[in-house]
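K.L.:
Summarising the annotation, TrEMBL assigns domain 'FeoB-type G' to 2-163. Residues or ranges marked as GTP binding site by TrEMBL: 9-16, 34-38, 54-57, 114-117. The annotation Mg(2+) binding site is assigned in TrEMBL to Asn20, Thr23, Gly24. The annotation transmembrane segment is assigned in TrEMBL to 271-292, 337-362, 382-405, 417-441, 447-467, 506-524, 608-627, 639-659, 665-689.
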Amino acid sequence: MSCYIALVGNPNCGKTTLFNDLTGSSQHVGNWPGVTVEKKEGTLRKDKEIKIQDLPGIYSLSPYTLEEVVARDYLLKDKPQGLINIVDASNLERNLYLTTQLVELGLPMVVCLNMMDIVEKNGDKINLKELEKRLGCPVISMSAIKGTGSDELVDVLKKMKNHGIKAPAVLPFEEEVEDAIQKVEAITNIASRFTNVKLLEKDDKLMETISASQKQEIEAIVEHTESAMDDDIKSIMAGARYGVVADIIDHCLKKNTQNTMKTSDKIDHWVTNRFLALPIFALVMVAVYYLSITTVGTMLTDWVNDVLFGEIIPPAIESFLVSLGTADWLQGLVLDGIVAGVGAVLGFLPQMAVLFLLLAILEDCGYMARIAFILDRIFRKFGLSGKSFIPMLIGTGCGVPAVMASRTIENENDRRMTIMLTTFIPCSAKLPIIALIAGALFDGAWWVGPSAYFVGFAAIVVSGIILKKTKLFAGDVSPFIMELPAYHLPRVKNVLLQTWERCKHFIVKAGTIIFVSTIVIWFLQSFNWSFEMVDANESILASLGQIIAPIFAPLGWGDWKAAVASVTGLVAKENIIATFGVLYQFAGEVSEDGAEIWGTLAQDFTTISAYAFLIFNLLCAPCFAAIGAIRNEMASGKWTLIAIGYQCLFAYLVAFVFYQLGSLIVFGDFTMMTALAFVVLAIGLFLLFRPAKKVKADE
């Protein structure tokens, strides 16, 4: 019979890392709130009967946030057989506040003091035996990052499974508070101390479970207690808990009296500086994209494209097909369709792997948490909360989990706006497009990659300002409170695991959606409406492309191939690369080994139109999977259409203005479209800088 044990702790206390160590799970490890929105389950590697439930990181069991609601509902309704309370030993006072609430649940519990290596480094000492005595439950010293203490924890969990661990004793409060709790218990006849304490705090959800007469009696007790202690009941209870925590710490913790600044504080003195934070962040992102797209990643990508998918794989497959005596059409499908399309996408995998690796290092060491803190200052001025940055950061990997991460934002207007804007940040599927434009049209210029990232960021800021001034999104910004974890060296296992998970997602996508798409694209550009094999320019795809091409002509690419590529990108952004790979390979515009395939793009694009193409495909509606996620999170077809419509219109107008004004500046071209671009720009500036009307958020 399975034994369910809940893993509970504050955000950034190492909970998810411990979960991975115990279960072998590949759950993402990060340093920001909202990673685990729903509880995650894993099986203990050393005992398959023990199931670990990883609950969201919370600071208390008061249902103020979505994370706290999820965690409390599970603990009260599902009632696990035991608890693992993981505590950041370097922040003992704050973490033990939650511990005092968990004790009241009356469940067997083990407390894991994580980050003990930091405690020792700071020169502090914790008396584990005294702490164990006062809490009334086992206490284990460990470091989840280094993997120490996990064996001892497993032994305790096995005892817990066999009912060998008792529930901790009650932690008594001061006399006035204890008297009030006992009076509430006498009214409710409920044995649960947690329930009675929460009823004394006038917990909304629990107050709904009792009768009207019981409510009146409890409210009378609350009024009497507030009058006697000259404070409101929530402050009284918080003070009582911190009093218990302070007493525990006085007897169990010996602090280092030397007043030395911690290494993390020294780094933050510069990294979070009001004036230096953004320039440092910009330099970091430039370095990330420079290494992934321009230098290290490009060297690997060149080998994959020119050698692996140029000189090795196509000739080998062609020889194999010829030896089998296959028909010409089948050879064309495999070589010009599947290999050219899928190979074009996979050719950018090395660049993506380098990008994922660098981002994983920044996340794991604690730097990205600082960026959320820094950007909250900026976002709040433009109508967005720092909480909006969390989905956007996740969006550098994939737009689907990024959209889903927005559910942690309590304010409905802010949440909807975040869903609409999150996919402006370049995801992994857009990286090949950036690399293609940088390599084929800008000779591998270092600035193209970082500029694409900052275009997405600027689009979010501009859109946030404009949308927040409308009735649909007006209102106060959601508050953003976040703990900054201490810096630490990235754990190699976590970094490689996260990099592999993101790369695997990309490879699987190339082997499924992109594979099918290349077959469809090859068929459409190989046959006419009479289903006769023809030249690509006379194909079904060409005829369809020529219909939609005029729509994109004002943006600088009226060629049917580019128009088709942009449309297929709605299915999956990688399809843009796959479409170009199939179309140019099939058209015979490159040498047999395919080494020149991307250079031919310069025949259809100028540098201005190429960057306009990049802007449009970065900002336009995301892939079908992300659109599905938007539909689920919006829970409204109307709002989904509003989101997709805004993204497409915004992308089109920005690309239009950029191309028309760019052509005027670079080539001196002035047409009616140029004049229209000035009108669009003027309207945009008006919407951006007009004074905001005071509109109530609930209107």
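Placement of Cβ uses the backbone N, Cα and C atoms for every residue, glycine included.
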K.L.:
Using the structure shown, find which entry in Gly24, Pro56 (the binding-site residues) has the sparsest Cβ neighbourhood within 10 Å.
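P.N.:
Minimum Cβ neighbour count within 10 Å, taken over the binding-site residues Gly24, Pro56, occurs at Gly24.
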K.L.:
Looking only at C-alpha atoms, tell me how far Gly9 (GTP binding site) is from Thr23 (Mg(2+) binding site), rounded to the nearest Å.
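P.N.:
Checking the Cα atoms of Gly9 (GTP binding site) and Thr23 (Mg(2+) binding site) gives a distance of 17 Å.
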K.L.:
What same-chain residues lie close to the transmembrane segment (337-362): Cβ under 8 Å, and 6 or more beyond its ends?
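P.N.:
Sequence-remote neighbours of the transmembrane segment (337-362) are 284, 288-289, 291-293, 296-298, 300-301, 303-305, 308-309, 313-314, 317, 368, 396-397, 428, 431-432, 435-436, 490, 494-495, 498-499, 502-503, 506-507, 510-511, 514-515, 517-519, 521-523, 574, 577-582, 585-586, 594, 597.
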K.L.:
Would you kindly list the residues that approach the transmembrane segment (382-405) from elsewhere in its chain, counting only those six or more residues past its ends and only Cβ-Cβ distances under 8 Å?
P.N.:
32-35, 37, 355-356, 359, 363, 368, 371-373, 375-376, 411, 414, 417-419, 421-423, 425-429, 460-461, 464-465, 467-469, 473, 477-480, 482, 502, 505, 622-623, 625-626, 628-630, 632-633
K.L.:
Can you see whether the transmembrane segment (639-659) and the transmembrane segment (271-292) are touching - at least 3 CB pairs under 8 angstroms, only pairs 6 or more apart in sequence?
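P.N.:
With fewer than 3 qualifying Cβ pairs, these stretches do not touch.
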K.L.:
Is the transmembrane segment (665-689) in contact with the transmembrane segment (271-292), using three or more Cβ pairs under 8 angstroms as the rule and ignoring pairs under 6 apart in sequence?
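P.N.:
Answer no: the transmembrane segment (271-292) and the transmembrane segment (665-689) share fewer than 3 Cβ pairs below 8 Å.
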K.L.:
Nearest to Asn12 (GTP binding site) by Cα, among Asn20, Thr23, Gly24 (binding-site residues)?
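P.N.:
Considering only the listed binding-site residues, the nearest one is Asn20.
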K.L.:
Tell me, roughly as an integer, the mean pLDDT over the domain 'FeoB-type G' (2-163).
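P.N.:
Average per-residue pLDDT within the domain 'FeoB-type G' (2-163): 83.
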K.L.:
Cα distance, Gly24 (Mg(2+) binding site) to Lys15 (GTP binding site), nearest Å?
P.N.:
13
K.L.:
Who are the chain neighbours of the transmembrane segment (608-627) in space, where the CB to CB distance is under 8 Å and they lie at least 6 residues beyond its ends?
P.N.:
398-400, 403, 423-424, 426-427, 429-430, 433-434, 437, 440-442, 448, 452, 455-456, 459, 552, 555-557, 562, 566, 569-573, 576, 601, 640, 644, 647-648, 650-652, 654-656, 658-659, 662-663, 666-667
K.L.:
Whole-number Å only: compute the distance from the Cα of Asn20 (Mg(2+) binding site) to the Cα of Pro56 (GTP binding site).
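P.N.:
Between the alpha carbons of Asn20 (Mg(2+) binding site) and Pro56 (GTP binding site) there are 14 Å.
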K.L.:
Among the binding-site residues Gly9, Asn12, Asn20, Thr23, Met115, which residue has the largest number of other Cβ atoms within 10 Å of its own Cβ?
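P.N.:
The residue with the most neighbouring Cβ atoms within 10 Å is Gly9.
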K.L.:
For the C-alpha pair, I'd like the distance in angstrom between Met115 (GTP binding site) and Thr23 (Mg(2+) binding site), rounded off.
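P.N.:
Met115 (GTP binding site) to Thr23 (Mg(2+) binding site), Cα-Cα distance: 20 Å.
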